[in-house]
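So that you can see what the record holds, here are the features copied from TrEMBL:
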DOMAIN    47-149  domain 'TMEM205-like'
TRANSMEM  50-72  transmembrane segment
TRANSMEM  84-105  transmembrane segment
TRANSMEM  117-137  transmembrane segment
TRANSMEM  182-200  transmembrane segment
TRANSMEM  206-226  transmembrane segment
Amino acid sequence: MAWITRFLTAVAFLAVGVIFSPETFGSQSDGTKSPNLSSFIKLAHLLSFSTAWGAALWVTFIGGIIMFKNLPRHQFGNLQSKMFPAYFSMVGVCCAISVAAFGYLHPWKSATMPEKYQLGFLVSAFVFNLSNLFVFTPMTIEMMKQRHKVEREANIGDEIGWSKNQEAAKTNPKLAAMNKKFGMIHGLSSLANIMSFGSLAMHSWFLADCVLCWQNKLGVVLFILIMQ
């Protein structure tokens, strides 16, 4: 995790530099940009954003639910403890690249208010992912390991679903307290993940609107050419 921390820190500082000092990277505050870099930056932004949004969609609403419904609970938890740090690291890097690219393409000084809002959504997604990577996920994994130990002593955890855990917690105050604490931490982690996904979804709406505008412009141009 140490190298990820250093890498994310470097990318975050780069993103901040691009936003507030675009001249350093070839993008002028009046909106003019280096033509040699513009296409590459747009591609980097699109690929990074789509990777982050697609991964968030799959992990949050599809993959995690399927695994929970089909894997023994302890096996599911151990798998999640390995998968989530990698997931939040990847999405965090993609969000940082998207922030830097969008900041380059739309310098703060010349950006419109909707563009500034979009930059805010991307920064929010990045921050929510960092909070999960460095705060909530480590706390959740540690609490999960402690609870697994208590559950193994009670000979539960190899089943699918929560039924045996809930039954055992009725007669085991220690397990009940762990369930409550785990639920609180896991709830905060889930909330941060949903907020990150929502921020990315708002940006996808913006990109869809941009595509629609270009389609309308292209249609007008084609109509003019046909009429000539």
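Yeah, the Cβs are placed from backbone N, Cα and C, and that goes for glycine too.
Keep in mind that TrEMBL annotations are predicted by a computer and have not been checked by a curator.
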Composition by DSSP (helix, strand, coil) of residues within the domain 'TMEM205-like' (47-149):
94 helix, 0 strand, 9 coil
Could you pull out which residues elsewhere in the chain have a CB under 8 Å from any CB of the transmembrane segment (117-137), counting only those six or more residues past its ends?
4-5, 8, 12, 15, 19, 49, 52, 84-85, 88-89, 91-92, 95-96, 98-99, 102-103, 106, 108, 111, 185, 188-189, 192-193, 195-197, 199-200, 202-203, 206
Other than its close neighbours in sequence, what residues sit by the transmembrane segment (182-200), given a CB gap under 8 Å and a spacing of at least six beyond its ends?
49, 52-53, 56-57, 60, 91, 95, 121-122, 124-125, 128-129, 131-132, 136-137, 139-140, 143-144, 147
Over the domain 'TMEM205-like' (47-149), what does the predicted model average in pLDDT?
93
